[in-house]
Every structure is written in C-alpha cells, then in structure tokens.
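Written out below as structure tokens is the structure these notes cover.
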C-alpha cells in the first residue's frame, strides 16, 4: 500500500472514530433531558420549576466547569437527593464545586493515563498489578454523585412531613409517574452512548479472532450487557416489590432499571452477557435493601439517588472484580498479558482488591470535600429554605409562580380530586343532570 493510500486510510479511520465519539456524546447529553424528566416527576408539583431549573444549570454549569477547570460532567445526581428543600444559592455553590473540583480529581485518579490507580496507566506499576477497572464510571461518576448526595441530604435533614411524630415513614409521592417513565426511557437511550461510547474509538482491530472481530464487536457486546443488567434489575424490582409491598409500582421499576444501569457501568466492556444478568439481579436487591435502611434511619432522598447511584455503583465496582473476563480485559486494556481478572473467573483476588480500594478512596475523598461544604452552608443558613417556603413550594416563593395548575394530594384530603360536583346551568329553572365538572 502506497503512502497516499495509507494517508487516506488514516484519515478515514480518524473521521469514523470522531463521528462515533460525537454521536455517543449526543446520546449522553440526551441523558440530561432524561434526568430532568425523572426529577420533575419525582417531586411534588409545587417544586417542579425549581428542580427543572437545577437540571438546566447542571448542563450549563457542568459544561462551563468542564471547559475551565477539569474533566467532569454534571449528571444531576446530587440535586435530586436534596430536592424540595434546598436554597438555590446552595445549589449553585455545591454544583460548581462538585463539577469543577471533586469529579476531576477522581476521574484523574482512575481514568487518566498517569492516574495512580487506573487500569489504563501507561507506565509504572499498576495497583495490585491490575489497576482499577471502572470502564464507564460506576465509581467515578455514580458513586461520587451518590456519596455527595448522601451527605447533602443527611446534613439538611428530611422534608417536612416525610416522617410523622412517631417516626413512621410517610410517602411524599412525586406528582407525575408519566414524567418518571419518560425520563427513564430517555436515560436508557442515553446509556447506549454512555457505556459503549466510553471506548472513544470504534475502528480498531484486535487481531485475535479474524478480520471481522475488533473494537466494534466489543462496542456491541457492551450494549448487550448494559441492556441485560438494566432489564434484569427492572424485572427483579417489579416482582420483589410485589412480594414485599403487595402491589406493582412503575416508579420502583424505573428506579430498579436505573440501578442496574449504574451497576453495570463499571464492567460493561469486560464481562460476559450472562454475568450482566447477575449484576442486574443483585443491584435490584441492593437498592431495595438500602431503601429499607434509609427508612429505618429516617433518611430522606426524594429520588433515591444516594441508594441508587452510590449503593448500586459500589456493587458494580465489586461486581467487576468478581466477573471480569480475562480475554475481554486484555482486549480493552492491552499491553499487560498477565493482568489479573475476575475472582470468580479464575483470575485471583488482586483485581477485586483494587476495586475495593477504589470504593474506599471515593467514599473518603467525597466525604472529606463535600461534607464540610454542606456543613458550612448549613451553619451559614444558606442550605435549607424556610419551613414556610418549603410548605408553600419553591415554585411560588422562589421562582415566580407554578409550573402548571395542579391539585396536590396533601392539600386535598379524602381523595377530593376524584370527586365530581354538579354545575347548575344559568337562566333555566330545571337543572340538567348530565352536566358535571
């Protein structure tokens, strides 16, 4: 092949890889719309404008912080944990700090070529000879946001009315299951950019199983593992909650689905499809169990963000250390043929040890940075709105009006929204019994 042909081939490869990367980025950005719909449906109607504004600013502030300060992107996680009771100025402060400082440090440690714990470290010894495999970010993205949200919600305290005077849990249901479902489907769609897109390139031959096997094959497999984990978690949650609570709940199913996605994000590129089913099954029970624990501890997270992203993300990191396939690990992280792989796949416990170190480091780092910030905001009375504003709803008190006309359950007792009242027609002496509101 002459030099001109090589240049043409190189240019075509570069163009294809960059088109793939851009397309994946577009899908990931669509997740922001999914988070916005999910958050809006999960809060009460009187706080819809507030939570939507924070989601818009997640994208705007996240993009600016990424450009100015570091390698990170705001995924709306934390703002859901402390929804319906947080001052907007507090949101601006913690969101900028999380996106511009906390995330970039973690991503450098585990994703950069010179990060001390990353599996893709280009030179020097790897952590336990393996490095941490967190391919698309169960730890780097989901755990960071989940732990930050945990501290925010813990320091701020539960919403008014979330627990009665005897300490029993009182459901403060979101106002729109339809928006939650819409948001969940948008997130599902975006996850195909998030996980497979984390390869960054697609036109690369592995040279191990013939000319038709390469990185494009790994991309397809990653989409399959992502689908299986999320689907399994959704179905497990459906039947698990039916057994425990006695009803079929679409909100629980959506959260279970997202918990499965958060868990598989770490190992999606290096595990077999059958292992992804195990990942999703366990993730569902992790979420159910943590939600039960949150009720016992009187912890209030309207979107279950800490339990979902933090808890399921941590399980996903451990899952990779148990089920990572030797062949897939060497394809995705080449150059070190003796690299450890999953414990249950015969690869020993060194990778699992590295994964456990990641969990401890993320918990420690996020706690050391975000907990003092939330505590300082709380002491300065910048964190939580007044009880009057919280009861009235922040849309009316902080954002100039309601998102739309609504009837809130807690303001209309005895199912009054389902009652029908007669309207008497004007200028007639006999009422028309067919006219109703």
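Quick reminder: no glycine exception, Cβ is built from N, Cα and C everywhere.
Keep in mind that what you see is a predicted model, and the values were worked out from it rather than measured.
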Range annotated as transmembrane segment in TrEMBL, from 253-273, 274-294, 295-315, 316-336
274-294
Given the ranges 176-194, 195-213, which one is assigned the annotation transmembrane segment in TrEMBL?
176-194
Residues flagged as transmembrane segment in TrEMBL, choosing from 63-82, 223-242:
63-82
Can you work out which residues elsewhere in the same chain, 6+ from the ends of the transmembrane segment (20-43), have a Cβ less than 8 Å from its Cβ atoms?
51-52, 54-56, 58-59, 73, 75-76, 79-80, 83-84, 174-194, 196-198, 200-203, 251, 254, 302-303
Return the average pLDDT for the domain 'Ammonium transporter AmtB-like' (72-404) as a whole number.
90
